[in-house]
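According to Swiss-Prot, the feature N-linked glycosylation site maps to 351, an assignment based on sequence analysis. If you look up Swiss-Prot, you'll see 2 marked as N-myristoyl glycine, on the strength of sequence analysis. Look at Swiss-Prot and you will find 2-148 tagged as region 'Pre-S1'. Taken from Swiss-Prot, the feature region 'Pre-S' covers 2-207. As annotated by Swiss-Prot, region 'Disordered' applies to 115-146. Summarising the annotation, Swiss-Prot assigns region 'Pre-S2' to 149-207 and lists sequence analysis as the type of evidence. What Swiss-Prot lists as topological domain 'Intravirion' is 2-286, 236-286, 401-406. Taken from Swiss-Prot, the feature topological domain 'Virion surface' applies to 2-214, 308-379, supported by sequence analysis. Feature annotation from Swiss-Prot assigns transmembrane segment to 215-235, 287-307, 380-400, 407-429.
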């Protein structure tokens with residue numbers, strides 16, 4: 001009989017009432033509308049069941065043979081009946097028996113209970129059996145706290161859902177009476193197994209771009225910038241004091257603010273208020289000082305880039321030369337030198353004279369060669385520069401510190417010895 005239930009009964013007797021597969025009325029005219037409820041079933045055939053208990057015992061025995069956690073013993077091709085609100089066809093009066101066949105339908109998940117899946121316990125007789133007006137069906141209660149019972153049912157739900165995943169199909173099924181024009185969608189009640197964390201109010205939400213570490217780094221950077229800015233202002237003020245002192249060898253006098261529209265109190269020329277006539281000159285000196293400091297920073301940056309070899313400048317007098325085709329001038333020549341290469345500006349017969357750019361101090365060599373070409377006396381400083389270049393970095397820092405600390409005191413002592421130092425230098429160079 002395939003995957004369907006066939007229950008044969010005498011139309012003069014109430015044969016069976018089973019919510020899992022449907023409600024059957026065997027009278028000539030049913031007083032109550034039949035309601036076919038969903039359920040999981042196996043092929044079952046009963047001829048004229050005597051009472052409800054007989055049908056219950058047969059179906060319960062069938063359902064007990066199935067392990068609903070692993071779905072062992074349940075045929076893979078078993079389907080569920082569709083929900084139909086239509087009553088059975090009205091039987092003929094002279095008909096001795098009638099067979100209802102429920103065809104397969106989409107899977108509908110049964111309720112989560114502590115009984116085998118698909119088996120719904122028989123209901124007690126209601127007022128419908130006594131001829132009263134049927135009461136409307138009560139909608140199922142909504143589970144407002146699914147997380148309270150989720151822990152005990154997670155394992156059982158997992159096996160049940162795995163079985164449903166194997167049985168679910170997307171084909172179009174007929175309804176309980178074989179009507180091909182009605183297709184009912186399955187209703188699958190699910191319980192979420194993922195609990196969302198409790199949301200807190202009042203806490204500021206930090207974006208991924210503004211993490212605590214980046215916020216601390218920003219604050220530290222602002223402090224460093226503020227510290228450097230105060231130091232720059234201090235350096236500018238000290239340089240302004242030194243520049244002003246050049247005009248007053250005997251000492252910087254106080255600015256009384258006379259000859260101005262607004263009388264001001266006495267102050268120094270390096271801190272004139274906006275109402276003083278010396279205010280514009282003070283800021284002009286500060287502006288020139290800032291430009292000089294910026295120029296020093298640029299010179300330091302150029303020296304650093306030239307030392308790293310990031311300023312490719314061709315030397316004026318190359319030490320090594322290579323003559324190759326002009327098309328290959330920027331390529332390596334027998335892997336002797338590393339690119340890039342420099343070419344002459346006037347090629348002869350399609351050939352270029354190429355020489356490599358120094359890997360370090362290219363700009364310095366170019367400027368030095370340019371100065372030697374115009375000032376020949378600079379060759380006398382070559383030994384001194386070579387000697388200074390051989391001094392270690394620690395010796396340089398020590399020399400700078402000694403000049404900074406003892407320089408002002410030595411200015412009054414060294415002038416008598418300067419001619420002797422010049423004589424010793426000339427002897428050391430030419431002898």
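Placed from the backbone N, Cα and C atoms, the Cβ positions cover glycine too.
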* For residue 351 (N-linked glycosylation site), which residues of its chain lie six or more apart in sequence with Cβ-Cβ distance below 8 Å? -> 323, 324, 325, 326
* Can you name the far-off residues of the same chain, 6+ from the ends of the transmembrane segment (215-235), with a Cβ under 8 Å from a Cβ of it? -> 293
* For the topological domain 'Intravirion' (236-286), what does DSSP give as the number of helix, strand and coil residues? -> 21 helix, 2 strand, 28 coil
* Asked: Using DSSP, would you call residue 351 (N-linked glycosylation site) helix, strand or coil?
  -> strand
* Count up the helix, strand and coil residues in the topological domain 'Intravirion' (401-406) according to DSSP, in that order. => 6 helix, 0 strand, 0 coil
* Asked: Which residues, given as numbers and ranges, are at least 6 beyond the ends of the topological domain 'Intravirion' (401-406) yet have a Cβ under 8 Å from it?
  -> none
